Amino acid sequence: MQTRNTFSWIREEITRSISVSLMIYIITWASISGAYPIFAQQNYENPREATGRIVCANCHLANKPVDIEVPQTVLPDTVFEAVVKIPYDMQLKQVLANGKKGALNVGAVLILPEGFELAPPDRISPEMKEKIGNLSFQNYRPNKKNILVIGPVPGQKYSEITFPILAPDPATNKDVHFLKYPIYVGGNRGRGQIYPDGSKSNNTVYNATAGGIISKILRKEKGGYEITIVDASNGREVIDIIPRGLELLVSEGESIKLDQPLTSNPNVGGFGQGDAEIVLQDPLRVQGLLFFLGSVVLAQIFLVLKKKQFEKVQLSEMNF
């Protein structure tokens, strides 16, 4: 009987441990799936719309600068750096999901020409690895190796993100040619204001959904507010929910209008996009150019020598 109870206790403990582990996994996965740039990957087949707009701007409403630096020309089957710069004031703090203030994170999406892709680790030089740091890049889609995403990562450490890119070789990829190609980039700093389902985050302004008198402001136990508005025209009560972390601009008894801001704007981040051009250069063309320049230099040297020889002959004839 005692042995049976022992086995029963062990079975219950194992079941409880599995349940706890599964719960932790689900919570962890959910927090990861809610991170940039997963939203874009889950909801858009291509991050760049036909208009040229990058879809990250649908959630990050403020417009901020972003810059990209790439070489003017690259040779086939070589590795080069694409440096994305996401500048912002490092002293700024953003409202986190729990309502507290914290440092800003950054993220980026890099849209390369077809055939260009993330360089394999064995092709990246030690100097470039040092610039990359501990960043882990991923493809936007398994079949879209030319679109790379990164983030969220700490902005104070990675306001400049170095992408190691492998240029294609037209000799092995017939879909690639020696041409000038565009590169597009999008970069954000800080959290977004809108979730993909259209709901607001706590990193944006909340406006009144009705006009009237504020009859009550209830501070919720876990943070945030419930604001009760009495419509002056019909006496109907409307309750606006304000999430935690936001600063109220209104008070009880105040008369407000429809869409009047109830909170200040906490957003200190924003999204920006840019572009650059890169030329995939034919090595034979480079060799031909070098040969041409060399022949021009040699021709100039021969002309100078010939001129000096002619001057010597003239000088000797005059002396004679």
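Keep in mind that glycine also has a Cβ here, set from the backbone N, Cα and C atoms.
The heme binding site feature in Swiss-Prot is assigned to Tyr36, Cys56, Cys59, His60. The signal peptide annotation in Swiss-Prot covers 1-35 and rests on sequence analysis. What Swiss-Prot lists as transmembrane segment is 286-306.
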Given the binding-site residues Cys56, Cys59, the candidate whose Cβ has the fewest other Cβ atoms within 10 Å is Cys59
Counting across all protein chains, other CB atoms within 10 angstroms of the CB of His60 (heme binding site) number 26
